[in-house]
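As given in Swiss-Prot:
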- His83, His182: heme b b562 binding site (BINDING)
- His97, His196: heme b b566 binding site (BINDING)
- His201: ubiquinone binding site (BINDING)
- 33-53: transmembrane segment (TRANSMEM)
- 77-98: transmembrane segment (TRANSMEM)
- 113-133: transmembrane segment (TRANSMEM)
- 178-198: transmembrane segment (TRANSMEM)
- 226-246: transmembrane segment (TRANSMEM)
- 288-308: transmembrane segment (TRANSMEM)
- 320-340: transmembrane segment (TRANSMEM)
- 347-367: transmembrane segment (TRANSMEM)
Amino acid sequence: MNNIRKTHPLMKIVNSSFIDLPAPSNISSWWNFGSLLGICLIAQILTGLFLAMHYTSDTMTAFSSVTHICRDVNYGWLIRYLHANGASMFFICLFLHVGRGLYYGSYMYLETWNIGVLLLFAVMATAFMGYVLPWGQMSFWGATVITNLLSAIPYIGTNLVEWIWGGFSVDKATLTRFFAFHFILPFIVAALAGVHLLFLHETGSNNPSGLNSDTDKIPFHPYYTIKDILGALIMITALTSLVLFSPDMLGDPDNYIPANPLNTPPHIKPEWYFLFAYAILRSIPNKLGGVLALVLSIAILTIIPLLHTAKQRSMMFRPMSQCLFWILVADLLTLTWIGGQPVEHPFVVIGQLASVIYFMLILLIMPITSMIENQLLKW
């Protein structure tokens, strides 16, 4: 009798994806983040589902319904903070996952990479709309500022913004549709993640050396299942520690003030994971220019495979490129810091410099350095 795991139509998909999958023998802990992102997504969908059972998407009751969840629902506070901080864990894993892809040249798998960029956009959209739902001051003003950016689009801008708002300002219609989109998008993300995996399994995983690993493969289970479980336990420990000890550390205190269209907060800023893009947006004095830079700061990832000039895939044996990669990481951390600062001297200048360095590194300095390294290989 054949093993049901290998014959059953559904089981054999699971088997070929998570059990008998041939994996390179040398992939490091940087390859753990795919599974961690899957765990994050499942956790977000589950906690979100339970929150949606008690949440009301009406401007009059949204804020108090979130308060009700925290005070009156059994373990409502836990579900709410797991969901809010789960988003932060999601983005930490996302950024590390993308960073891994950049460092080890995983972007050479074009379909997998481009679907990944699409996933990044989808998760960012989901997180933005989720931030609007508690209807606090930062929710309202964040929604107003970010949706208003679309008015920079020539000719159709103003009509587009009013169409998204469902009126002449951010109001009940906006909140209701944002809730609807926030509910449906994670399922679209899950479907995209399935396609992401499908394309990845067409080629097999990359590995730290960037070399073909067909000659040395090991089964995914038990080697990488146990490794992924360890990674998951570390992440879950970090998340529960954050939720139980300082759940509001990453949030904005202004969001505990109910939304008031007549009173603008002194510093409007998004959640920490959007600050780098927000800093790039603010560093350009022109509205349309800022919006384009904001979109390009993420969309630039799609052209990274075209900018790969090195003869080696991975940065493992390219010390000059490694150095530039870590400069890029430092630059993104600088942008994140600047995004949370007020618009005044010297933060404006630092933000502008960091933005220029960001685009220069990716578009010019890194490809040229790779070409220099190619020449050094001949020595």
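In case you wondered, yes, glycine gets a Cβ from its N, Cα and C as well.
Swiss-Prot feature annotations superimposed on the structure.
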residue : record                   : Cβ neighbours (10 Å)
His83   : heme b b562 binding site : 21
His97   : heme b b566 binding site : 20
His182  : heme b b562 binding site : 21
His196  : heme b b566 binding site : 21
His201  : ubiquinone binding site  : 14
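Highest Cβ pair count under 8 Å relative to the transmembrane segment (33-53), across stretches 77-98, 113-133, 320-340, 347-367: 77-98. Closest to His182 (heme b b562 binding site) by Cα-Cα distance, out of the binding-site residues His97, His196, His201, is His196. Counting C-beta pairs under 8 angstroms (sequence separation of 6 or more), the transmembrane segment (226-246) fails to reach the transmembrane segment (320-340), with fewer than 3 such pairs. Outside the transmembrane segment (288-308) by six or more residues, the chain places 98, 102, 105, 107-108, 110, 113-114, 117, 120-121, 124, 149-150, 152-154, 276-278, 280-282, 355, 358-359, 362-363, 366-367, 370 with a CB less than 8 A from a CB of the stretch. Counting same-chain residues at least six beyond the ends of the transmembrane segment (77-98), those with a Cβ under 8 angstroms from any Cβ of the stretch are 30, 33-34, 36-37, 40-41, 43-44, 47-48, 50-51, 66, 69-71, 116, 120, 123, 127, 130, 235, 238-239, 242-243, 247, 250-251, 271-273, 301. A Cβ distance under 8 Å defines the sequence-distant neighbours of the transmembrane segment (113-133), meaning residues of its chain 6+ beyond its ends; these are 55, 57, 62, 66, 87, 90-91, 94, 97-98, 101, 106-107, 139-140, 142-143, 146, 174-175, 178-179, 181-182, 185-186, 188-189, 192-193, 195-196, 199, 270-271, 273-274, 298-299, 301-302, 304-305. A gap of 20 Å separates the Cα atoms of His83 (heme b b562 binding site) and His97 (heme b b566 binding site).
On a Cα basis, His201 (ubiquinone binding site) lies 17 Å away from His97 (heme b b566 binding site).
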